[in-house]
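Copied over from Swiss-Prot, here are the features:
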- 1-66: region 'Repeat 1' (REGION)
- 1-22: region 'Disordered' (REGION)
- 1-142: domain 'Clp R' (DOMAIN)
- 78-142: region 'Repeat 2' (REGION)
- 155-336: region 'NBD1' (REGION)
- 202, 203, 204, 205, 206, 207, 208, 209: ATP 1 binding site (BINDING)
- 337-547: region 'Linker' (REGION)
- 387-521: coiled coil (COILED)
- 513-532: region 'Disordered' (REGION)
- 557-765: region 'NBD2' (REGION)
- 607, 608, 609, 610, 611, 612, 613, 614: ATP 2 binding site (BINDING)
- 766-855: region 'C-terminal' (REGION)
């Protein structure tokens, strides 16, 4: 007996004992057979459309009528009726050619046994031996019972695979647009005599699984060669196959059963294995074979037609290593679609997403999703990244439609506060409380009326959107029903749906959409819900993903960009020429007219120490990101040795730290829109510049792990002191200084490096007038720090001139000024504050008095 038969017998004995029956009757056994999880009898009844709950209820009634024996303790034994069924089951097993007596043999024996009690029950539920035999043949196929666990080998594909053709017939698969060449190639390989196993190879997100789904859709539409019409495409679920295989050999058993079912279908079933590389090594334990080895013989003989899908990296890593497995598959390369093709693919999918989110998606949104994702999301592939953008933008609007609008929410919160206040004031007895109560009542009445109006408008708009969503879903269902009726040859039904219900529903939808558009036009000012996804919604999602501002510029931002130099001048004094060059680069990028294949700007800032080179970079970061720390700052003095280059892009394979990635590449991967500062660039080893050539020219760099990092949205600034002696020489004219600096640069850097820089910016040495401006900037910072302590401070002109004169040093620039402010102003001031002479609320007046400052 099989395991399930033994379990059923034991359960039947326990049931008889519970019911105090004198012996185990066939009804007890039948009851357990019908209730058996993963058993075969429930599957037979399913196929015969027998309502199991009703069947069990009738059985229970029969069992309850059996005579009962009290006193207990007696041993349970099989009744003569059951023994007769045992013998019949043995005969049944021999007839089927099985080595074990299985549960279905008992069931067939009961049907054929001529037991009057059971016959009545079967007749009432229209269960006949012939029908049961047909159902059983369907379930078992050509399998024989050769071990004690046959149930795991019946209908294994239903357990461990998804029927893609069935899903396609029900309209549950997304339409597949384009990709005709690849599908034709797959069909070509499938039609070979041997080794008819295509494997789809491509980058993640280019649509490999979609090609398999496209083939399923074509099989259903009969848009395939004759040898594929009516075939089933099943997607194997490796996870389900491995999960729960507790004993050694159980996984192999399951896989053998899958292979057997596919091969015995005589080519009717094509297997699709997504993530094909999971086959190699799957289920491998010591002494066991892995899945790949079990599949090889069937694949080579052409008995098992299989479509695989995997990425380039995994194919190389797992499948190419096993040459015997590799030669059984024929590769079909799936390239990333072009921008135009991706737009076509999105247009094909648009309807599915509109139905799901209940929102219209404009064509402009589809185009901008593809173009923006192609330009700004460089580490992923089309069409997947563009589909994700559209999906998220539509999801955002869909959520807004379904949740209470902000205006309504705000009013309801106000109402809540007023009601709480009203309850508190009711307890007060004085006049002012009564007056306030009257005011609150009036406010509550007004807000209630306003809320009522807004809620009605929201419900009305929401109702319109929901109505359109429901109609679209209905139309989708009707189209599936039409296709099904046409396939089944029910032309009457197809005509009724196609020329009756479908046009009617489409007409309704058109009318609803027209009304909705009219309403949107007439009340565009007061409209609460937005019901279509536009390009600006997509741009907003891109900005959230990448941090790159691609959304439409607001008035305030365009004004800010036009006057960018003025904001930078508040921090950087005396270097107007340098600020204009940087501002122009940022404006070009934001207007989207700069070269999309290069960084926003690459500059080299030259000049003596302390003239504001690094300060300009910080000011730029604060202007762009409101945070001066948003600079990817790399001190090139740390890269003096040749081997330090690997710290920038990450260690090569085989070295410690390979997994970590490089300092420069990782920070730009995380923040693609940033200011990169390479400080003191002349201190680095010359080999470092070889790496920078790629960044300066193509805006890209490949890190130690072979990933391409995109620098197209960065501003790259290098600072250097090369030629600062010439800049400081008072006897040289501007042109002579520039000549001397260029000469020094040519000596220090290679021509191919200098030639790739957008602009070499010379910072002038600072004069006394500029130092005076810097004093004001620094004193503003001091005042800011004191304001936090509630202390005011002001300076007269003499004090400013005194600090400027004392802090001026043409060689060291503005840095000595900070030290002077520290010693002359901050040190004595700190003593005054600590001693308690200066307290919160005071204002300090600072004046110059000869050689010191007085407070």
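Cβ coordinates come from backbone N, Cα and C, glycine included.
Recorded features from Swiss-Prot, shown on the structure.
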{"residue": "202", "record": "ATP 1 binding site", "DSSP (3 states)": "coil"}
{"residue": "207", "record": "ATP 1 binding site", "DSSP (3 states)": "coil"}
{"residue": "607", "record": "ATP 2 binding site", "DSSP (3 states)": "coil"}
{"residue": "612", "record": "ATP 2 binding site", "DSSP (3 states)": "coil"}
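Applying DSSP to the region 'Repeat 1' (1-66) sorts its residues as follows: 46 helix, 1 strand, 19 coil.
Ranking the binding-site residues 608, 610, 611, 614 by Cα distance from residue 202 (ATP 1 binding site) puts 614 first. Nonlocal intrachain contacts for the region 'Disordered' (1-22), taken as residues 6+ away from its ends with a CB within less than 8 angstroms of a stretch CB, comprise 28-29, 31-33, 36, 39-40, 63-64, 66-70, 72, 74, 76, 100-103, 105-106, 145, 147-151. Between the C-alpha atoms of residue 612 (ATP 2 binding site) and residue 209 (ATP 1 binding site), the distance comes to 55 Å. Within the same chain, the residues at least 6 positions away from residue 205 (ATP 1 binding site) whose Cβ sits under 8 Å from its Cβ are 380, 381, 382, 383, 384, 385, listed in sequence order.
Of the listed binding-site residues 607, 608, 612, the Cβ environment within 10 Å is emptiest of other Cβ atoms at 608. Residue 203 (ATP 1 binding site): 16 other CB atoms within 10 A of its CB, across all protein chains. Residues belonging to the region 'NBD2' (557-765) score a mean pLDDT of 81 in the model. Put simply, residue 203 (ATP 1 binding site) is 43 Å from residue 613 (ATP 2 binding site) when counted between their Cα atoms. Distances between the Cα of residue 207 (ATP 1 binding site) and those of the binding-site residues 607, 610, 611, 614 are shortest for 614.
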